Amino acid sequence: MEKFVINGGKPLTGEVEISGAKNAAVAIIPATLLAEGPCILENLPNISDVTIGFNILRAMGAKIRTINNNTFEIDTTYVTEPVVPYEMAKYMRASYYFLGALLARFNRASVAMPGGCNFGVRPIDQHLKGFNALGADYTIDHGMIDVKAEQGLLGTQIYFDVVSVGATINVLLAAVKAKGLTIIENAAKEPHIVDLANFLNSMGADIMGAGTDVIKVRGVEKLNSTTYGIIPDQIEAGTYMVMAAATKGNVLIKNVIPKHLESITSKLVKMGVTVEEYDDSIRVISHGNLQRTSVKTQPHPGFPTDMQPQITTLLAMAEGTSIVTEGVWDNRFQYVDELRRMGANISVDGKVAVIEGCGALHAAPVKATDLRAGAAMVIAALSAKGTTEIENIHHIERGYGDIVEKLQHLGADIKKVIIPDGAELKQAL
Ligand code: EPU
């Protein structure tokens, strides 16, 4: 078992470079299946979700060549079997993007029901509704989702009943080679959707309107090789912003798109944190004395749900009573029990958390209950005086590349240690 051991209470100072966006990468990696020839992807983050995406492609026969730490050439020419088995899909929620990509390439796909962070029911009815509208039938049997378009995919009009990032991406992937025009209404507008559309357009797709709630896709027959650089990760950047604020630090966060961070910036400013914006970097300075505020998470451009545990943790250190309302997921406050061990005073009623700011958190052993909850534990531990050990860090490593090195560079006292588990201990005795 691996843990982070953090000796907190030290201000973070210096510079940190943000990696490529996880949620763009996990969509763009399957999208390489659509190119006739190899694609070069630049600025891929060094995270386990990228490794899982690569492993799925390799298991299907793709060739992946490392060009440097963050640049890879992916050649899917020899993929013949459109199947992603459970052993592969169970590690990553986004493995369902292989459904849309394989359907576009082979007119059929078979993908196991995916794993990933657990914060309530995570239905995929809107993805299936979209495939169906494009002319594909589906069955779900023994944990496998099978989709098939006997007559090929045909462009159509699709109205999503809920705003869904995953359904928008999956239908976009399926529609790029469908015959005719597809109009996706009530589409999600997240930066990673725009990034996927830009990637597909760079291969020769004809997509307009990504980033608005109506996306028009005119199907093309063929998509070509391309070289593409993935956008910076909005949530990794936001997490380092909160880390700087929580530790009374002064950090220049580089390789960001400040526009994507506006909803986070505005809450931090309201809390009394100084945020200076530059072209592609942002400086966060805090002297402590954080003020209360209220936050409601919403689809983009609202405050991102993937920053909810991090901002709740910061509010737990502020003065006064704050309210955080989760507007996307049913059950995304499971980590609050862990924060309470560190002295946070938070009560949760359904999708609403009431936070009585306690000024400072204290060190305690905790665990990461999912990816962003894990990021919240790191924030709490960095701010708290004393030594905090965080278990289940595999969740954190799914989405935060080189986090130990980046934080050490900012002056944090953090290390990753390997603790022998029960079986190893028994052997050692
Ligand atoms: N929903 C449905 N039916 C569907 C799909 C979604 O009812 O067919 C509902 C969900 O239950 C939820 C809401 O719609 O209440 C939004 O879900 P969405 O489909 O947008 O989420 P997702 O695509 O499964 C992505 C990110 C999540 C992020 C959400 C919301 C990826 C790989 N994952 O998930 O990111 O929380 O959008 O922004 O892009 C993370 O990075 O930590 C993470 C969990």
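Glycine is treated like the rest: Cβ placed from N, Cα and C.
Small disclaimer: the values here were computed from a predicted structure and weren't measured.
Database features (TrEMBL):
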ACT_SITE  CYS117  active site, proton donor
BINDING   LYS22, ASN23  phosphoenolpyruvate binding site
BINDING   ARG93, ARG122, PRO123, ILE124, ASP125, GLN126, ASP306, VAL328  UDP-N-acetyl-alpha-D-glucosamine binding site
DOMAIN    7-407  domain 'Enolpyruvate transferase'
MOD_RES   CYS117  2-(S-cysteinyl)pyruvic acid O-phosphothioketal
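Annotated features taken from TrEMBL, shown on the structure.
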residue : record                                        : contacts (Cβ under 8 Å, 6+ apart)
LYS22   : phosphoenolpyruvate binding site              : PRO45, ILE47, ASP49, VAL50, ASP233, ILE235, GLU236, ARG398, GLY399
ASN23   : phosphoenolpyruvate binding site              : ALA94, VAL165, GLU190, HIS192, ASP233, ILE235
PRO123  : UDP-N-acetyl-alpha-D-glucosamine binding site : none
ILE124  : UDP-N-acetyl-alpha-D-glucosamine binding site : TYR96, ILE145, GLY166, ALA167
ASP125  : UDP-N-acetyl-alpha-D-glucosamine binding site : none
GLN126  : UDP-N-acetyl-alpha-D-glucosamine binding site : PHE160, ASP161, VAL162, SER164, GLY166, ALA167
ASP306  : UDP-N-acetyl-alpha-D-glucosamine binding site : ILE235, ARG372
VAL328  : UDP-N-acetyl-alpha-D-glucosamine binding site : THR297, GLN298, PRO299, THR305
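Comparing the binding-site residues ARG93, ARG122 by how many other C-beta atoms lie within 10 angstroms of each C-beta, the top residue is ARG93. Residues ARG93, ARG122, PRO123, ILE124, ASP125, GLN126, ASP306, VAL328 are listed as the UDP-N-acetyl-alpha-D-glucosamine binders, and the farthest two of them sit 22 Å apart at their Cα atoms.
Secondary structure at PRO123 (UDP-N-acetyl-alpha-D-glucosamine binding site), taken from DSSP and collapsed to helix, strand or coil, is coil.
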